[in-house]
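Visitor: The feature ATP binding site is assigned by Swiss-Prot to GLY170, GLY171, ALA172, GLY173, VAL174, GLY175, LYS176, THR177.
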Amino acid sequence: MRINPTTSGPMISTLEEKNLGRIVQIIGPVLDALFPPGKMPNIYNALVVKGRAGQQINVTCEVQQLLGNNRVRAVAMSATDGLMRGMEVIDTGAPLSVPVGGATLGRIFNVLGEPVDNLGPVDTRTTSPIHRSAPAFIQLDTKLSIFETGIKVVDLLAPYRRGGKIGLFGGAGVGKTVLIMELINNIAKAHGGVSVFGGVGERTREGNDLYIEMKESGVINEKNIAESKVALVYGQMNEPPGARMRVGLTALTMAEYFRDVNEQDVLLFIDNIFRFVQAGSEVSALLGRMPSAVGYQPTLSTEMGSLQERITSTKEGSITSIQAVYVPADDLTDPAPATTFAHLDATTVLSRGLAAKGIYPAVDPLDSTSTMLQPGIVGEEHYETAQKVKQTSQRYKELQDIIAILGLDELSEEDRLTVARARKIERFLSQPFFVAEVFTGSPGKYVGLAETIRGFQLILSGELDSLPEQAFYLVGNIDEATAKAMNLEVENKLKK
């Protein structure tokens, strides 16, 4: 971390004694620069190319290779239009640094840490380099603890680990964005924490939609930006591969400051982790490296590891990361998702079938998994309840074909009871969200883990068999379901 004396200008160290080179070759987003003997920049140093007087050129590059003969190869973080051989290159003497701290909340940044939301400059007195080592072993918090989200289906069936990494699998229109926003909202209210969203290879439209929805739901406070609970960092699809490869590190650097200096629990979203690998593959090819399996970069595991190992819990705070994972051609053995899976502690799978039924969040209770769901970690009561919920849901799934062909009446008494309870469980796994209040008209609910376990135990025990299944739909805790059942009964009597 660096404390800069002034708030002006981009994140570049003082250039009184400029180390100057010149461009000798440009191949798309990659350029070679020649420096004087003995003045070679280090790997990962930021280089700046400025145009002559009157030219609107200001391109930042990152040194990737030392070629010998005083030449370096660098990857540009923005378009290289207008660059020519012979142009002057300034070695900043340090890696790319970005603004960190409270000034970043409520704002949108690019990979260089420059605001792109037309809301004026950002305080850059405190900056931090995007390249740094992972926390040392002695700094790590090895205690296994659950990260309570207040979302019933997540906390019960696939609990998140504090400082863990979660893979979020879901297609378009199944509620991924709303789930992300609810998690941001809940961590702000329940844990007093902040969130950082890294859009890696994000569609510009999706990024814009997310920003607008965050403003509408109050996650970003337009009237008082400082009270916002999220910082956004975007490297869109149209950006050069260098920007898409490094934007994840920019977001992570901002999150690390909140963890290490402010000692907060931070939520880090990366959408999409596959595009981080894809950008690395493009850069690797441009640098002339021999490709590895399926055309990926030979450094795939190293690049993924250097990003993922920085996402962890320390004694000061934690970074819990939720990463959207795209699986190419649904092939889980593809090197990109396979390398990602090795780092994940939990998977949250969103189901289009549940979304079609109107059950939100549309988290699939059978496909979602977590390494935390062990009796030694969550306790016997939680573990047993979760297993019974899964067994009941699994049995219902097996019986659906029979029900479709022969109907419910052909089932045994025991199976009919299982189906009735499974349908109540399915509906009770739904929940009204705070960020969706504007659309649903129902006030959002945060449900504690103890309340969640109690609710499902009551359904499984058969104590609530007499209640109609619609009483369990879109409620918070089980007491609300009981109250809703009484209201439905009163309404039915009035109708008669």
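Any Cβ shown, glycine's included, is placed from N, Cα and C.
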Visitor: Which has the fewest other CB atoms in a 10 Å radius around its CB: GLY173, LYS176, the listed binding-site residues?
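Guide: If we count Cβ atoms within 10 Å for the binding-site residues GLY173, LYS176, the smallest count is at GLY173.
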Visitor: Tally every other Cβ atom lying within 10 Å of the Cβ atom of GLY175 (ATP binding site).
Guide: 21
Visitor: Of these binding-site residues, ALA172, VAL174, which scores lowest on Cβ atoms within 10 Å?
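Guide: Selected from the binding-site residues ALA172, VAL174 on minimum Cβ neighbours within 10 Å: ALA172.
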Visitor: With the cut-off set at 10 Å between Cβ atoms, which of these binding-site residues ends up with the most neighbours? Options: GLY170, GLY171.
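Guide: Max Cβ neighbours within 10 Å, all protein chains included: GLY170.
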Visitor: Across all the protein chains here, work out how many other Cβ atoms are within 10 Å of the Cβ of THR177 (ATP binding site).
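Guide: Cβ-Cβ neighbours of THR177 (ATP binding site) within 10 Å number 18.
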Visitor: Excluding GLY170, GLY171, ALA172, GLY173, VAL174, GLY175, LYS176, THR177, please set out which residues of the same chain place their CB within 8 Å of the center of the CB atoms of the ATP site, keeping sequence order.
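Guide: Counting only non-site residues, the set is LEU350, ALA355, ALA362.
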